[in-house]
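Novice: I'd like to ask you about the structure that follows.
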Amino acid sequence: MNKLENPLRDDVAGPAPRHQTTQVMVGDVAVGGGAPIVVQSMTNTDTADVEGTIKQIAALARAGSEMVRITVDREEAAAAVPHIRDGIRKLGLTTPIIGDFHYIGHKLLAEYPACAEALDKYRINPGNVGFKNKRDTQFADIVEIAIKNNKAVRIGANWGSLDQELLTKLMDENAASANPRDVRAVTREAMVQSALLSAARAEEIGLPKNKMILSAKVSAVQDLIAVYQDLASRSDYAIHLGLTEAGMGSKGIVASSAALGILLQQGIGDTIRISLTPEPGGDRTREVQVGQELLQTMGFRTFVPLVAACPGCGRTTSTTFQELARSIQDFIRDEMPEWRSRYPGVENLNVAVMGCIVNGPGESKHANIGISLPGTGETPAAPVFVDGEKFRTLRGENIAADFKALVIDYIEQRYGATPKPGAAQMVPAAE
């Protein structure tokens, strides 16, 4: 049979079953073990700047980050952590705070016990936790402090700071092999072994599996996919996904989405971070938004109402539909913090903003509420569809405001405290 003649799948399209992992509680957030995939982020403030760090953690949390990591790189930062935790809690936020430690984490956690107690999770990099004969001792020091404080730990190997002793050992063994592997393959193996050997050592010290999350980050998409596939096949630890040094703007978004999307589709990953390099003066919350959009687009979770909009073509020379799509999308994101508490389930809403008669009415009918704006040469009228039925036609200079009002009406009737049976209660205006 010609490959193009294969029958259509009759099963439900969707990702592979989730890789079964051991659930870890980070504060009050469940990671792994079948829990929803968690979106996390990281601050870029000087942690010693208590007020600045509180402000950014709050912004990230309100944008939807379910865990936030902060750098703890020196004594001033360690001393600031309890004050940051207290400030966040005073704002009514319970977002778990993760401490990111490199080189001197053992020293900071030991000398600043209030810091060790205030954090919800410690991140250890096995490539720089200690060197030569100090490595095992300093690693054990951090693990023992985690056990004492009942904290979770992420053992995070990174391509850029890989354990050089382990890498050298594997490279030497490979060179002596009758069938040597590619150097990149050996480096990937070193990444996986670094994470797994460190996890095994932590268990020997007494840290249970339900307190450990593993990651193995690289900056090349294909290598990242291979590393995490291998890591998942060889363990059942909870897994943190992320493409390190993804880059700025669209490049960073595309690279992270390509790598993480493939792994998530294969059932791999319990928590994700989109590591974007922000534009100068850019909004740090962008990485949270991208992470949410990735999970929502793939059907894993819902965070905000989806706005479908056509890309535009020669039939849509007017920018009206583009401006309306942007306006509606921004409007929804701005209102979501309030809507989330007032209208449970509103994140499942689908909105369509289309630009001409070709696909506009059809796409709008598939949405809960949609509008089809007139294309070039078409009658200057914008039909609105509600739950698949034509509801009203908008005209004039206030189409954007009128459509927003209809969206609000729909939300109030569908998701309000005493919801009416769907949007059918919305009364169409006379045409």
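Placed from the backbone N, Cα and C atoms, the Cβ positions cover glycine too.
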Novice: Out of 1-20, 81-100, 261-280, which range is noted as region 'Disordered' by Swiss-Prot?
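Specialist: The listed stretch tagged region 'Disordered' in Swiss-Prot is 1-20.
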Novice: Can you count the other CB atoms that lie within 10 A of the CB of E363 ([4Fe-4S] cluster binding site)?
Specialist: 18
Novice: For the binding-site residues C310, C313, C356, work out the Cβ neighbour count at 10 Å and name the residue with the minimum.
Specialist: C313
